[in-house]
């Protein structure tokens, strides 16, 4: 029905007859001339109807915005004063020689040219996607997936599909369950990831696997998380951590080069401990110059008893954040930040403004200056690197709480004061994660997942000191977002069973939940490692948006509702009966 897309027309097509299909983006009737802008996925072009074709002109007079049409026309140049530099086709226009109205349109319930509220956009998503900005994001997503496929194929990876209906396994989040009609009272689970299947493929001899795959997690949502999401899933045999990281790093460099036309700087390597200690986060945004600095040794002997008492306990930290040019913050500004950190479990922060006098000597303004010796103040200034016009924020308390509080405050200050380097990328690898950590009940759980291999530790030592074990895992972080995660896998059945035991799983439970996998490891399982990117998050970064819903064609809300189709919905009574499912009164549960 068409010979070319609207947005692809240019001066090389002058004099040619073209057939275009699309929607009326803008309509102007000047009496003897009718102008429309015709829009399709590639862009817009101006079309002119004049009285040389009376029947066509009469038909064009019926047009309104968002009518779906087909037209024939001749490409011609515009006069210089009529060139529209806001669109790529602005130097040319099409003189219509034929017009077919394919479908009329009611007035749209939203305006695709202006900002609409999120609820309206999601309810009428099919119209929201006509917005050129939204369309461009989805086109870039398609290009990114194409680039990924070509890259992985060149590296020798095979695209192999894994099941969508599988067995529920403990991977951190809740599973989405699918009841079986044939096997009453039993359920499939939608996969949180293809983790076990891709490891089984390694045992099968398919030494390089990848898949762009849907995954499902029933967890609390936020701006960069959806109940169903897409992974670039990767696994390889006879490979170590450095080698798989190099391949994944090369892939990311390739994407940034092709999409952003940027050569990424070198990827730093940083341990989990260092990241938490310096930035209060395992996914630090290194564009932000603020860093957490430990000053516990400098305040141990202060007469400020609150700080001194906290500093004496090795489980605590006393830290400072240096905020460049932060001395301009008013007392009201500081109170807002004090209120902000209280939501993280800290009752107060202490501040100190730093100035440099005419004599070159640094002076301070702070409520705690009187409790500190002059030499201690100078030591704090020297250690934090504070300069004229900076402000220092101090906090003290339990290690983990302080890391969380000051990490969050660091991010907020960086955003509020626009301290992050603009138009830059700060990629890094976070490594040497703890293998296990304790939950609120004191039970151990895997920091990544239970199939991650520990780093340089034998089984007896692992059993005796599980919290000292480091995971052979690695996360890729870009601008404060974890874009991907991976690890070297366990390929020994005995070690895998040991990990399950440490996590409190009995041998019977292991056999029931993972017996097939443990058995598979006994048949010559090769050393292997893997990685998975969150495709949605990658596309979000590459298209410079802050909401993952902007790069998904039909996303859910933060309460996991599809406003367009009104899913989830109440189950059909007959279908529920066939599945032996009874809906309980939620007030009685």
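Any Cβ shown, glycine's included, is placed from N, Cα and C.
What Swiss-Prot says about this protein:
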BINDING   171, 217, 448, 489  L-aspartate binding site
BINDING   217, 218, 219, 226, 482, 534, 535, 536, 537  ATP binding site
REGION    195-198  region 'Aspartate'
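Mapped onto this structure are the features recorded in Swiss-Prot.
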{"residue": "217", "record": "L-aspartate binding site", "DSSP (3 states)": "coil"}
{"residue": "448", "record": "L-aspartate binding site", "DSSP (3 states)": "coil"}
{"residue": "482", "record": "ATP binding site", "DSSP (3 states)": "strand"}
{"residue": "489", "record": "L-aspartate binding site", "DSSP (3 states)": "strand"}
{"residue": "535", "record": "ATP binding site", "DSSP (3 states)": "helix"}
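Across the region 'Aspartate' (195-198), the model assigns an average pLDDT of 97. Residues of the region 'Aspartate' (195-198) grouped by DSSP class, helix first, strand second and coil last, total 4 helix, 0 strand, 0 coil. Residues 162-163, 166, 169, 171, 209, 211, 233, 235, 449, 451, 514, 517, 530 of the same chain, all 6+ positions outside the region 'Aspartate' (195-198), place their C-beta atoms under 8 angstroms from a C-beta of that stretch. Here the binding residues for ATP are 217, 218, 219, 226, 482, 534, 535, 536, 537. Their largest Cα to Cα distance works out to 19 Å. For the binding-site residues 217, 448, 489, 537, the greatest number of Cβ atoms within 10 Å around a candidate Cβ is found at 489. Of all the binding-site residues given, namely 219, 482, the one with the smallest number of surrounding CB atoms inside 10 A is 219. Geometry remark: residue 219 (ATP binding site) versus residue 448 (L-aspartate binding site), CA distance 16 Å. When the CA atoms are compared, no binding-site residues among the candidates 217, 448, 489 lie within 10 A of residue 482 (ATP binding site). With residue 537 (ATP binding site) as the anchor, the candidate binding-site residues are 217, 448, 489, and the one with the nearest CA is 217.
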